[in-house]
Amino acid sequence: MKKQGGPRAPLEPTWSGTPLISDAMQLVPALKRSSTSVAVTIPEDAASDVQAFPTALEPVVTKLLERTAGSIGSQDVADLGVKAAHMRGGMNIVFKDISCLVRNSAKRGEKLYLLRDVSGCVMAGEMTALMGPSGSGKTTLLDVLAGRKTEGHLSGQVLVANRRPTQMFMRRHCAYVEQFDTLIDNLTVQEMLLYTAELKMKATVPLELKLRRVDALVQQLALDICRHVRIGDAMKRGISGGQAKRTNIGVALISAPRILFLDEPTSGLDSYTSLEVMQHVAALTAPADAGGGVHSGGMTICATIHSPTSATFGLFGRVIILLRGQMVFFGENGTHAARYFAKHFPDLPTFQNSASINRAEWLVTVTTKADRDGRADEFASTYTSSELCRTNSLLLLGAASAAAASRGGIGRFRAPGTAEAPASGQEQLTQEDASELATRNETTTSFWWGYKTLIKYRLVTTLLDTRFVVSRTADKLLNSLIQVTLYWGVGASLRADNLTNIIALVYMWAVFPGLVTITYMPAILGERRLFIRERSDGHYRAITYLCAKLTMELLLAVPFSVVSAALVFYLTRMSGSFAFFWVAYLTTIYVGIALGFFIAAFSPSMDLASVIVSSLVSCLCYSTGNLIRVADMPPYWRWFPNINFLYYAWAALMKNEFEECTTVFVNGHTVLEFYGFVGGVTKWHYLAIEASFFIVFFVGCYLSMRFIQHQRR
């Protein structure tokens, strides 16, 4: 793939006698098929950096270094005991020449590299740390590896178990723990985990097994003390910050993912809690038969981390250090990084372990100072030409050719399928692994299962939330009280001088649900981060979430609308059908809800959504035909009532109220004749047209939630 900006060509070992293979994990089967010997040339001084090479290839590199003077036959290589490309549970991630180019917001017309030609790997059964100063590209690289990068031009290749994964695989079989906790505040810890289990695990799995999975996670993450405590939020006290972080990790682990990504998992936590959280995470890399618990064992874990304590930093097996989007170190944790920097940059202060500074702090200090001194390019070029980089490149041999089979770069993991890997790679993958990597289903469960689960866990808790109920009912009950006290018995008299009062009451009853559209927008905007996280994790489809939210609103709107309609209709002594009076009111409420959801779904913020709603509702109220008749509107406004659902709501209620009224209103015309509500159009026709707006707003809301990317990553 052609990359912009003239990327550096990393130095790699030269293999003669056989083409480049997809990675060094395929070395054994590739050479078994070869009848010739393969000569491998590696610099003599590479031995000093071999300890920093990934565990999976240490036996290979060690033996190769012993034989640099001669040739290695296929039988020799077959005896090296190379690890498989994927361990039980985890899968190796290999990334090569990853670049991310975005617009420079500070300088118009210029572009900026967030990542530049970054290559490396994340091994199964290990925990890898992404480090570097602020703005170095840690989270960007994590997002690229997880398939969640939404901005910028991406180039390079990312392979999972030697294959290019589909976006659906990343959603269903990889977990991503956000820096900020995204939990449902009115659920308990156990309910949150069980809710996630029901959405992530197959519907055929019995509830008993899901409960056992939740119980095991609660024990494993030390959440037993708070399992029945509401999670809470900033306004309602709930579990502690450390418990929330562990719950967030539990949500990610509930379906036993193959790969786990964590963005600043210790952010906002004290040193003790940070260590406690990371110890639980590190335990997930152990094989299942070594006390692995509920996970599959040997999980692949990659985490960004900023300033860890010495104990926390010691839990990581590998370290990747970035400076201004470029890799400056990739190797084993421990003393290797300090030795590497001391060897190549003798002007740097040497590391001396003491109570005042640990190895992680020293690395952060050294790289931050280098960044501020403008030495990022120097550090990156030194790494590129180092023996360490050459040794690391063994793992990346042929990665570009394997990804090229997919006919595209990493893009946004939108390939319709997976790349055809070489035969050796296919032999190493089990049928289950290959099926998972090629999966195209967005979720594990069906629409109906996801819908029922959302209703099951969120309906009752939502209806028991005082803030939610009050925000949906107080305004309508108060409006009904005002109308009853202000228009008490007004409908009893159909005298010409009283018709204006009745018309005013009908108008306010018709448009009020539209006036309060803004109250429904927080249901979408307030949960946007949660929705993005759950949908990215493959919990449900956008249509499932939208239908569940509308159902919850409807179930609350029905009883309260009946009460409000009965109060107004009977105490003001309105005419016509009460059933129609109520149904028309409920229809307007529901169209208003759909409109509020639609505006919230495509608006990037609550501020902009509020401006749009207030402006739109003003136009709708002015053009209903009451404040100014449609016939009296200027020609350039006369079309607007045709797309105004409040116009049809008012027309339907006017027909219901005055269809039997023969009182002369103005200039010899009845009320309906004066406003133009005559002809063959019945009140049910007007109501049906109004109801069709619900479909329009519903579709608009769904498309916005499905395709608009509000989260800029």
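Cβ coordinates come from backbone N, Cα and C, glycine included.
Annotation comment: TrEMBL describes 425-438 as compositional bias 'Polar residues'.
The domain 'ABC transporter' feature in TrEMBL is assigned to 93-349.
Per TrEMBL, the feature region 'Disordered' maps to 416-438.
Counting same-chain residues at least six beyond the ends of the transmembrane segment (502-525), those with a Cβ under 8 angstroms from any Cβ of the stretch are 471-472, 475-476, 479, 483, 487, 490-491, 494, 531, 549, 553, 568, 572, 574, 584-585, 588-589, 591-593, 595-597, 599-601, 603, 605-606, 609-610, 613-614, 617, 620-621, 624, 626, 645-646, 649-650, 653-654, 657, 671, 701, 705. Here TrEMBL flags 502-525 (among others) as transmembrane segment.
What TrEMBL records for 546-572 (among others) is transmembrane segment. With a cut-off of 8 Å between Cβ atoms, the residues of this chain six or more beyond the transmembrane segment (546-572) that come close are 450-451, 454-455, 458-459, 462-463, 469, 472-473, 476-477, 479-481, 483-484, 487-491, 505, 509, 520, 523-524, 578, 581-582, 585-586, 589-590, 593-594, 597, 698, 701-702, 705.
The transmembrane segment annotation in TrEMBL covers 578-601 (among others).
Feature annotation from TrEMBL assigns transmembrane segment to 608-628 (among others).
According to TrEMBL, the transmembrane segment annotation covers 684-705 (among others).
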Distal contacts, the transmembrane segment (608-628) - CB-CB under 8 A, six or more residues away: 503, 507, 510-511, 514-515, 517-518, 521, 525, 596, 599-600, 637, 640-641, 644-647, 650-651, 675-676
